[in-house]
Each structure stands twice: as structure tokens, then as C-alpha cells.
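In what follows, a single structure is set out as C-alpha cells and then discussed.
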Amino acid sequence: MADVLSRFNSGKLWDFKGGIHPPEMKSQSNSQPLRHLPLGTDFYIPLKQHLGTTGNLLIKEGDYVLKGQALTKGDGLRMLPVHAPTSGTIKSIKPYVATHPSGLDEPTIHLQADGLDQWIERNPIDDFSTLSSEQLIHKIYQAGIAGLGGAVFPTAAKIQSAEQKVKLLIINGAECEPYITCDDRLMRERADEIIKGIRILRYILHPEKVVIAIEDNKPEAISAIRNALQGANDISIRVIPTKYPSGATKQLIYLLTGIEVPSGERSSSIGVLMQNVGTMFAIKRAIINDEPLIERVVTLTGNKIAEKGNYWVRLGTPISQILSDAGYQFDKHFPIFAGGPMMGLELPNLNAPVTKLVNCLLAPDYLEYAEPEAEQACIRCSSCSDACPVNLMPQQLYWFARSEDHKKSEEYALKDCIECGICAYVCPSHIPLIQYFRQEKAKIWQIKEKQKKSDEAKIRFEAKQARMEREEQERKARSQRAAQARREELAQTKGEDPVKAALERLKAKKANETESTQIKTLTSEKGEVLPDNTDLMAQRKARRLARQQAASQVENQEQQTQPTNAKKAAVAAALARAKAKKLAQANSTSEAISNSQTAENQVEKTKSAVEKTQENSTALDPKKAAVAAAIARAKAKKLAQTNSTSEAISNSQTAENEVEKTKSAVEKTEENSTALDAKKAAIAAAIARAKAKKLAQANSASEAISNSQTAENEVEKTKSAVEKTQQNSTALDPKKAAVAAAIARAKAKKLAQANSTSEAISNSQTAENEVEKTKSAVEKTQENSTALDPKKAAVAAAIARAKAKKLAKTQATLENNQE
């Protein structure tokens with residue numbers, strides 16, 4: 001720090017590297033005093049006119065505002081407010097064309113002036129020393145003052161950041177642009193106010209040295225400042241040589257001290273602060289006169305403007321209106337520049353307003369402006385590097401900008417570029433280098449801004465997560481404290497900790513589950529370890545016994561719940577047999593016809609009884625069909641006994657005994673069987689018909705041949721009917737079996753009446769053959785059955801035995817007759 005002051009106090013001037021001497025055109029505008037333009041009717045005030053963020057609106061559409069009234073309010077020193085340049089009504093707040101080469105829109109307040117130009121209430125002061133540094137900085141901030149030299153950095157923020165660090169305060173009056181003369185005229189005409197503003201700033205910062213630097217091409221301004229100082233030694237004046245860009249911050253500091261500001265750092269890092277002379281004037285007006293920054297001096301120059309000079313211009317005035325008031329000759333072939341020819345920006349739309357940034361409006365003609373020549377390839381001549389006042393390598397930065405290699409651009413210190421435009425001015429290939437560098441800076445800024453927002457979002461997220469975790473921990477701690485208090489309360493009342501007891505129960509339960517899951521084993525005789533299945537086998541045995549018990553219970557229930565209809569039918573059949581037997585014993589051969597009729601009546605009664613029984617029963621049991629067949633056989637035997645001789649009677653008794661045995665076997669079988677198959681009933685009917693036919697043949701002799709043929713046909717018909725019934729019906733209806741039995745009885749009765757005993761032997765043999773055929777049909781039927789029940793097999797065996805016995809007796813009888 002002492003080095004900076006010592007080098008400055010030496011009085012020596014250092015020349016910076018590079019720089020140029022462009023043709024100077026200041027005389028066009030600096031010969032006329034400062035003037036005011038007519039007050040306009042419409043003003044467009046952008047919400048942001050500085051390097052920072054936009055303030056918050058204090059007004060709305062339709063509001064009436066006064067001159068100097070704040071329209072926005074900031075939350076920090078970098079968020080400067082804007083003020084009404086005159087009194088009037090707020091017509092709208094919407095996007096409007098910006099004073100920028102892009103021509104984009106930005107939020108803007110449209111103020112329609114009322115022509116009264118009425119100020120707000122002001123509180124001017126004479127002695128600024130009555131206020132503290134903080135109060136003065138705050139008033140500077142409230143006035144919306146930004147750097148008027150071109151950077152438009154918020155002045156209050158700049159002063160506050162450099163407070164207690166500044167040893168050398170430099171007031172920049174160099175104004176190195178070849179066309180701009182606003183600072184020159186301001187120093188000539190308002191030197192006293194500039195000096196007062198410098199002293200206000202010195203009061204705030206307390207620097208050891210204060211100096212005003214002015215180029216040697218402004219002798220009138222130098223003289224005016226010296227006259228304003230009146231011999232005071234608190235502020236020094238340094239006249240520097242004219243060279244572009246000596247007005248740049250780093251170059252001017254080097255000129256006065258010979259010290260370079262480190263790359264990427266501010267001048268305050270070496271104890272130096274720099275402000276523009278226009279900014280000093282604005283500070284004086286804000287502190288002493290209590291006037292915000294609502295107007296500034298603007299240079300109107302160029303051969304296209306008739307009335308060249310420097311004018312006081314209200315901020316927000318459309319540029320087209322200013323040029324019109326200054327006698328601008330509109331020509332679409334020649335652009336308008338905001339700023340000087342070296343650093344100025346071409347304006348695409350003249351309706352854009354004047355802002356704090358605009359210090360000059362340049363309207364050149366064909367003598368001052370030529371169309372840019374076509375860009376050519378870089379020839380690596382190094383002219384740009386030689387002329388660069390910041391010691392950069394513009395040709396390298398150009399390649400990095402074109403390839404969008406942002407990392408390399410930053411490595412080659414693109415941020416140190418002051419955009420002076422010298423590189424483009426000296427380039428023989430006519431490459432607009434300054435445009436490439438501005439675009440590259442904008443891209444890098446966007447990337448960093450995006451990264452900054454991402455980092456801020458990450459910080460907010462992490463802070464939120466930390467807060468949520470902290471709240472969760474606090475909640476758990478509260479819950480634990482409440483649970484602990486509850487446990488202590490229960491322990492005091494019951495003498496046992498409930499949580500501890502619950503944990504013990506849980507441990508015991510887990511231990512039991514562990515024991516139950518262990519596999520039991522046993523060791524075999526060979527020493528092998530095998531799983532112990534004793535428990536499993538016991539469980540299986542218990543289940544098997546339970547199933548058997550359930551099955552026996554079901555059988556007992558079925559036996560107990562059998563319908564009584566079957567028993568009634570069996571009783572009726574037994575009564576019929578007894579009656580028929582008595583009638584057979586009492587009647588003689590002479591009364592055969594009447595006995596036959598009586599038997600026939602009995603058969604009809606029995607049939608009607610059976611049919612009634614069938615009608616009264618909702619589901620006829622196959623047992624009834626078997627009983628009916630037995631009755632038919634008994635009646636047939638009785639008729640045969642009546643029509644035969646004494647030997648036939650004995651044979652009939654023998655047959656009756658056989659039928660009784662067969663019936664008893666059938667009844668036993670029926671008792672053992674819960675459901676007789678319908679096919680068995682049909683088989684029994686066929687057997688009965690065969691027996692009846694055989695007996696009839698034994699008792700008849702006169703018409704043996706014809707009767708035998710008739711019987712054969714009847715048997716064949718019966719057999720075919722039975723077979724068809726078996727084929728067409730999967731389960732024969734019991735009623736059909738009863739009908740078949742009745743038909744068999746009728747046929748047997750007719751055969752008994754017609755047959756004689758002459759050809760008994762042949763007829764007996766024929767009947768025997770029929771019985772054998774019937775037996776074979778029965779056996780086939782039994783073999784074709786899909787699932788033969790053991791009970792059915794027992795019934796079939798009993799029938800077979802009865803038939804065999806009957807045939808043996810019949811043969812013996814026939815042999816006796818032949819003898």
C-alpha cells in the first residue's frame with residue numbers, strides 16, 4: 001500500500017503497453033455550452049438501468065407521479081431504484097424496446113407527462129458533514145446513482161465495498177473517446193459542484209490522497225477545476241497524455257502509479273478507487289440538493305446532426321425525439337451509435353430510450369462512416385496483440401470464441417478484456433473481434449449464472465434436508481421422552497416396565513418358534529441319522545381312522561334312512577306267493593281254467609299294487625323290480641303246476657323251492673346292497689321268462705313244435721328288447737323293468753294254456769338252450785359293465801347256482817318220465 005502512495009507521490013507518469021491515437025473529433029461538440037432540450041410528452045423508463053438486478057415496483061398503471069418520485073424499490077445496494085423524470089401519469093408497465101444492439105424488449109414504465117414538471121418534496125442540506133458515512137451511502141443509493149463513465153456499476157455498493165480500504169481516490173476526467181465531450185463540458189461549467197461531490201466521497205472513504213486525472217487535450221476543463229479548488233491541497237490534479245484508452249480504470253491506475261491491478265481483482269484490492277466526474281456531480285446533487293438521478297449530460301455529435309453539442313437529457317426520453325430536437329437528418333444508410341466510435345453500440349431501433357448508460361449519440365455521415373468490409377481469415381499478424389492495452393492475445397481468444405471453447409477462453413483471461421475495440425480497429429482482416437468477445441462473455445456468463453442457480457438450489461435443498469432431519473430427530477426425541485415418562489409412570493403404578501415385559505414376551509415367542517422349527521432325528525441300526533417321522537405317521541393314522549369312521553357313519557345313516565316302500569313291495573310279493581301256493585294245492589286239473597283266471601287276477605292285482613307303489617315313490621329302488629320279477633316267476637310256476645300232471649306238480653314244487661331259495665338269495669343280496677343296478681333287474685326278468693318257458697314246455701305235448709317256435713320267437717324278442725334297452729339306456733328306469741316283468745307273466749300264462757306234455761323232452765332241451773343263451777347274455781352284460789360292484793357279483797352267483805340246481809332236477813324228472 002505504501003508503494004502505491006510513494007509511486008504516486010513521485011509525480012511520475014507511466015505509459016501502459018499498446019493503445020492507439022485515433023483521429024480526434026471533439027471540437028464538433030465541445031464548443032457549445034450545456035443546453036436543455038424541450039420536455040417531451042412520453043417517457044419510457046426501463047426498470048433496470050445498471051449492472052445488477054431489477055427493483056420491485058412501487059406504482060401501478062393509472063397512478064399519478066411527481067418528478068423525482070421513486071418508481072421501484074430495491075432490497076440491496078445492487079438493486080438500484082428508478083425515478084420519474086417528470087410529473088405525469090403511469091400509462092402502462094410492459095416490455096419495451098431496449099437500448100441495446102440486440103433490440104430485445106425489457107420491462108419498462110411508460111410515463112405520460114402532464115407538462116407541469118412538478119417536483120416531489122425535497123430536503124436539501126448545506127453541510128453534508130452532519131450526516132454519517134452510512135447515511136450518505138444510503139442517500140446515494142436512494143438517488144439511484146450508478147457509474148456514469150460507462151460501466152453503470154451501483155455507486156453505493158462500490159463505495160461500501162471499498163470503505164476503509166482506499167488510500168488513493170482517483171477521479172476520472174480523461175474522457176479518451178475521440179467524439180465524446182460531455183465530461184469536458186461538465187468540468188468546464190460545473191467544476192464547483194464536481195469538487196463538492198469529490199469532497200463528499202472523500203468524507204465517506206477517508207483516503208490519503210485524492211487526484212483528478214484529465215487528458216492534456218482539455219485545457220479549459222483543467223483550468224476550471226484549478227479555479228474551483230482555489231488553492232486547496234486536499235485534491236490534486238494530474239494531467240495525462242492523450243492516448244486511447246487512458247480513461248480505462250486499469251490503464252489510468254497504471255499511468256498514475258505504475259502498478260497493474262491483478263487479473264480478476266478490483267482496484268480496491270491495491271487500495272485504489274476510481275469514479276467518474278459525472279458521478280461526482282450526481283453525488284453532489286443527491287446529497288446537497290436531494291435530487292435523484294433523473295437526467296444526465298449527453299453528447300450529440302456527428303455530421304448528420306445539425307445542432308451538435310452537449311445537452312441535459314431526461315432519462316427515459318426516446319432517442320428519436322432527442323435527435324429530432326437536435327436537427328438530425330434521417331438516413332437509413334447510416335446508423336446511430338450509442339457511445340463513441342470505439343466502444344459504442346449500434347442501435348437497431350431509435351425508439352429506444354436514453355438510460356444512465358448513454359453518454360453520447362453519434363450520427364455519422366459518409367465522411368465519418370463506411371460500410372464494414374467483408375471479414376477475412378486471420379493472418380496471424382499479431383497487430384491486435386501489439387495494440388491490446390491489457391496484454392491479451394486477441395487472435396487466440398478469437399479462435400476459442402468461434403469454437404465455443406469456453407474453458408480456454410477463461411484460461412486466456414477473456415474476462416480482463418475491457419472491450420476498448422482497439423483489436424478490431426487495427427485488424428487488417430477486418431475481423432469484428434470485439435463482437436466475438438462480447439458474445440463469448442455473454443455465453444460464459446449464462447453458463448455461470450445457470451451453475452450459480454443450480455448451486456443455490458442445491459444449497460437450499462441441503463438446508464431443507466438438514467432442517468427436516470433435525471425436526472425428525474427432535475420429534476423422535478420428544479416421542480422417546482414421552483414414552484419414557486409413560487413407562488416410568490406405569491412402572492410406579494404396576495411395578496413393572498411394560499416395554500421390558502413386551503420385549504421378554506417377544507424373546508420367549510421367538511425361542512419357542514426356534515425350538516418348533518428344529519427337525520427331530522433318530523439313529524438307525526446302521527448308525528445313519530434319519531428324520532423322525534413318528535409324529536407324521538401318527539397324524540396320518542389319525543386322519544385315516546377319522547375317514548373310516550365317517551364312512552361307517554354314512555352307511556349306517558343310509559341303512560336307517562332307506563325308504564319303506566321297498567319293504568312294503570316285498571311283503572306284498574310274499575303274500576301273493578302264499579295265496580298262489582294255496583290255490584295251486586287246492587285246485588285240480590279240471591279247475592285249471594278257473595284257477596288260471598284266479599291266478600291271473602292275482603297277478604293283475606299284484607301288478608297294480610306294484611305300479612301304485614312305483615307311482616307313490618319319487619325314486620323307485622331297483623330292488624322293487626327284482627321283487628316283481630320273483631313274483632312273476634312264482635305265478636308262472638303256479639300256472640304250470642295247475643296244467644300239468646302229478647309229476648308236474650312235484651316238479652313245480654321243486655321249482656318253487658328253487659325260486660324261494662333264489663328269492664332269499666336275492667333278498668339277502670338286496671339287503672347288502674344299497675342300490676341294485678337296473679341292468680340286474682332286466683337280467684332277472686329274462687331268467688324268469690326262460691324258466692317259465694321251460695316249465696310250460698314240460699307240461700305240454702300236443703303242439704310242441706309250434707309252441708316251441710312261438711316261445712323261441714318270444715324269447716328272442718324279449719332278449720333283443722332287453723339288449724336294446726341296455727344299449728340305449730345308461731341307467732334302466734325301474735318302471736320299465738316292472739312292465740317287462742308283467743309282459744313275461746302274460747306270455748308265460750298263454751304258453752301254459754296252449755302247451756301239452758307230448759314233446760316235453762325236446763321242449764325241455766330247447767328251454768335249456770334258451771336258458772344257456774340267457775345265461776351267456778347275462779355274463780356278457782356283466783363283463784361289459786364299467787364298474788361291477790362286489791354285491792352285484794354275489795347276486796349273479798346266487799342266480800347261477802339256482803339255475804344249475806333247477807336244470808339238474810329237470811333232467812332227472814325227464815329221465816324218470818322216459819322210463
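Glycine too: its Cβ is placed from the backbone N, Cα and C atoms.
Remember, it's a predicted structure, so these values are computed and weren't measured experimentally.
According to Swiss-Prot, the feature domain '4Fe-4S ferredoxin-type 1' maps to 368-398, an assignment based on sequence analysis. A Cβ distance under 8 Å defines the sequence-distant neighbours of the domain '4Fe-4S ferredoxin-type 1' (368-398), meaning residues of its chain 6+ beyond its ends; these are 16-20, 25, 245, 248, 250-251, 302-303, 334-335, 341, 409, 412-414, 416-418, 420, 422-423, 425-433, 436-437, 440.
Sequence-distant neighbours of Cys388 ([4Fe-4S] cluster 2 binding site) (same chain, 6+ apart, CB under 8 A from its CB) are Lys17, Gly18, Pro394, Ile422, Cys423. Under the heading [4Fe-4S] cluster 2 binding site, Swiss-Prot lists Cys388, Cys417, Cys420, Cys423, citing sequence analysis as support.
Annotated region 'Disordered' per Swiss-Prot: 465-568 (among others), in sequence order.
Residues annotated as compositional bias 'Polar residues' in Swiss-Prot: 554-565 (among others).
Taken from Swiss-Prot, the feature region 'Disordered' covers 580-677 (among others).
Per Swiss-Prot, compositional bias 'Polar residues' is recorded for 587-601 (among others).
Per Swiss-Prot, the feature compositional bias 'Polar residues' maps to 641-656 (among others).
Taken from Swiss-Prot, the feature region 'Disordered' applies to 692-793 (among others).
What Swiss-Prot lists as compositional bias 'Polar residues' is 699-712 (among others).
Annotation source Swiss-Prot lists compositional bias 'Polar residues' at 755-768 (among others).
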Cβ contacts of Cys417 ([4Fe-4S] cluster 2 binding site) (under 8 Å, same chain, 6 or more positions away): Val390, Leu392, Leu397, Phe437, Lys441
The one of Cys420, Cys423 whose CB sees the fewest other CB atoms within 10 Å, among these binding-site residues: Cys420
DSSP state at Cys423 ([4Fe-4S] cluster 2 binding site), helix/strand/coil: helix
Across the domain '4Fe-4S ferredoxin-type 1' (368-398), average pLDDT on the 0 to 100 scale: 93
Residue counts (helix, strand, coil, in that order) that DSSP gives for the domain '4Fe-4S ferredoxin-type 1' (368-398): 10 helix, 0 strand, 21 coil
